[in-house]
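**Student:** Here it is, the structure, as structure tokens.
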Amino acid sequence: MKPPPPPPPTLRKLVVEVKDARDLVPKDGYGTSSAYVVVDFCSQRKRTSTAIRTLNPEWNERLEFAVPKPSEMDLEELNVEVYNDKHFCGGGNKNHFLGRVRIYGTQFAKKGQEGLVYFPLERKSFFSWIRGDIGLKIYYFDEPIEKEEDPPPVEAAPVRNRRLLRRRWREESPTPPPPPVTPPPAVEVKRMTQAESRRYLFVRVVKARELATAACRCEAQYVKVRCGGHVMRSRPSIARAEAVGGAEWNQVFAINYSRPELAGPTLELSIWDGRSDAFLGGVCFDLTDVPVPVGGRRSCREPTHPVSGEIMVSVWIGTQADDAFAESWSSDAPCIAYTRSKVYQSPKLWYLRVTIIEAQDLRAVGSAQPTEVRVKAQLGFQSARTRRSNSNRSSAVFAWHEDLMFVASEPLDDHLILLIEDRSMKEPGVLGHAWLHSGRLSSGWTSGLCRQNGTIWRRRSPSAMGGYHVLDEAAHVCSDYRPTAKQLWKPPVGVLELGILGARGLLPMKTKLGGAKGSTDAYVVAKYGKKWVRTRTIIDSFDPRWNEQYTWQVYDPCTALTIGVFDNWRIFTDSADKKPDYHIGKVRVRVSTLESNRVYTNSYPLVVVLRSGVKKMGEIEVALRFTCPALLPDTIALYSQPMLPRMHYVRPIGVAQQEALRAAAARLVATWLARSEPPLGAEVVRYMLDADASSWSMRRAKANWFRIVGVLAWVVGLARWFDGIRRWRSPVTTVLVHALYLVLVWYPELAVPTASLYVFMMGAWYYRFRPKAPAGMDVRLSQADTADLDELDEEFDGFPSSRAPDVVRERYDRLRTLGARVQTLLGDIAAQGERAQALVSWRDPRATKIFIGACLCVAVVLYAVPAKMVAVAAGFYWLRHPMFRDPMPPAALNFFRRLPSLSDRLL
């Protein structure tokens, strides 16, 4: 019997029938919207017509798409987006986003089984206001196509005695047989957790046998791997002594196989002599025999041609999650070591306090005795200098009694260098020096020899202070407050779990193929406490999926977790080139905003501020959970304790000195992590630690000003409410306030509990408006969306400025204008305080006489009249009706404004 003929070839098509939408958001300024729909599938983009000015549009249009790979249709994604047409919104300049729907291939129905489904519209970002549903009917069908003539088959090269060679190899080779090929598992596609679609063809070249000839040596052989346009070369082979003519490589290659038509249908392996570049043999694979799903692997031993011999290779298709990817040589990233995931630990940092007491028996070379002597201390790249000494000419003793502080990291192997300088001359001269190993920390006196005349000086040795917490982050976003000494640590209060799921819509950060294609090689860095984590790098993907999980112990919930996304540049350059990784954006989440034992899965926008303005780089999706088994009394006790260790309050460090020490600590951490493998670049560490946050920025100054205004808005709102009560805008409310005031005056013991009850009710009322998820970075709060381009250019300008003199002069004038406003504000505040002091200082004798006389009258009245009656009279007088109130300022305010201040004494 003849076998049945094969089924005719077919072309699969996907049909999307866009029916209607309901209850859309009005966007045209008239209470309606002019909506149209854009459908995107497999790089095919089609749109419907526009339904003019309606919130319930109807299209009833049929859009048809071709399915290039029916076998992989379940992995594809259908994007449906609704926009408001700008041509029908009264002169708008853009098409407003009205919502979107993402449907995966597992939800597609076959023709005849479809139905009308209303999908709720989703937001693109947290700032989008989206509502409504869209009705879609989605189905697919297979359409037969005419069969084309097949090309004549290519005859394979004859292979003799192949079975005999394989049998002999299996008998002599000590290596175990390859693992069996497992059947492909069922692919489960879930929303936002789809496996990474980028595939790699893995080729492990193990060893070869019986390849040696008289013309070559086995230790100079190498293997060429060719697949389509990808050509890679192995390292030189290692000669195997147990077999004649044997060579070993044991090297893995990873070839980008996301698009097999570009990678090629065949895999070619050829062996070459490294000394003479002579061709020794080769083998060719048909990649259709290689298992496609992840986990399938085919190991084989093939004879090479034309020279007799065999080569052992293993070929399979996988993703970056494969264990062999970290050690492979990839066609996308030559320096594949920089793509690995890694967990780092910050160095243990200490504060070193050097107390400079005095120096004795100092003598100069000349006859003149030094008058201005200072001590300069150096520890690594850090240096500090004391003030001018208090000298005693009779005994040549110079005293300082001054503390100098440094930051040191373990191991404490740096030397502390002390220099005594004579700065009484034009050119400072060194009178003596000494050095001490920072690891030998003690307290006492140490003698050191001077360079000149063998004189002796003394200083006190440094001491490491483990009671401090060395700040490498800003105090308001710190992730750890523990002291350096481990003996002072308290037990943890919970565990923070972070799941880095993936990112969406990343922008291209670099170009490939001569600028014809953009790409992004993204990885994520998360920092909390002393632990840094780095995910693997997803090569050439705008929607990378990491699906990695990390945990930290939490010692204080009032701390912040920082998550940053970066583009990997080191995978294409040698480490000596020092190509920095560019930041894509970061998110900071405060642990105290997370409820205990609750999982938060949110997408946060990645926003950066550039010289050209603010720019959204994409979105990152993370999952967070804070597990806190502590009971309520323990939590209350934790909130009542100071944040920083005791030493920061017993012996505080100045603000300016603290900023200098923080910069030094950030530099030490960056240097330490840059020596790891793979290295974490200094630019990454500085961006995560906000090392440049203290530099001048007009944008940050505006942001802080509006923050102050926002804080005072509550006070202003309360003042306006009281003013409305006084003006009787709501008579009922004013009468109720009168009654409440009488109750509080007659029963003053109820004042405090009433106020506490009101605060409780206000907090309970705001519970319904609590945030549903921890907040990320706020563009509007940072004033990044309203910043001027010149202000942003000034923010990114270094020190000293590299701009033209006229630009610097213009910025300086603008800064002077701002400084004048601040100066005026400070002067007004000082004047009010000086007027209050002038009430009793007799600076204005008449005003002081009036004030103290009024105080005497008030005292007599309060002694004679009951306090409740006075309080009722004063309150009712303050709440009197506007018809009994003079519109001019009151007499007490006029009297205060007439008091003198010290402004008239300023030059």
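Cβ atoms are placed via backbone N, Cα and C, with glycine included.
When I checked TrEMBL for this same protein, it listed these features:
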DOMAIN    1-118  domain 'C2'
REGION    167-186  region 'Disordered'
COMPBIAS  174-186  compositional bias 'Pro residues'
DOMAIN    179-301  domain 'C2'
DOMAIN    330-458  domain 'C2'
DOMAIN    477-604  domain 'C2'
TRANSMEM  750-767  transmembrane segment
TRANSMEM  850-879  transmembrane segment
**Student:** Across the domain 'C2' (477-604), what is the average pLDDT of the model, as a whole number?
**Tutor:** 86
**Student:** What residues elsewhere in the chain lie close to the transmembrane segment (850-879), defined as a C-beta under 8 angstroms and at least 6 residues from its ends?
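**Tutor:** 725-726, 734, 737-738, 741-742, 745-746, 839-840, 895.
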**Student:** In the domain 'C2' (1-118), how many residues does DSSP put in helix, strand and coil?
**Tutor:** 12 helix, 55 strand, 51 coil
**Student:** Where DSSP helix means H, G or I and strand means E or B, what are the helix, strand and coil counts for the domain 'C2' (477-604)?
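**Tutor:** Per-class counts: 13 helix, 63 strand, 52 coil.
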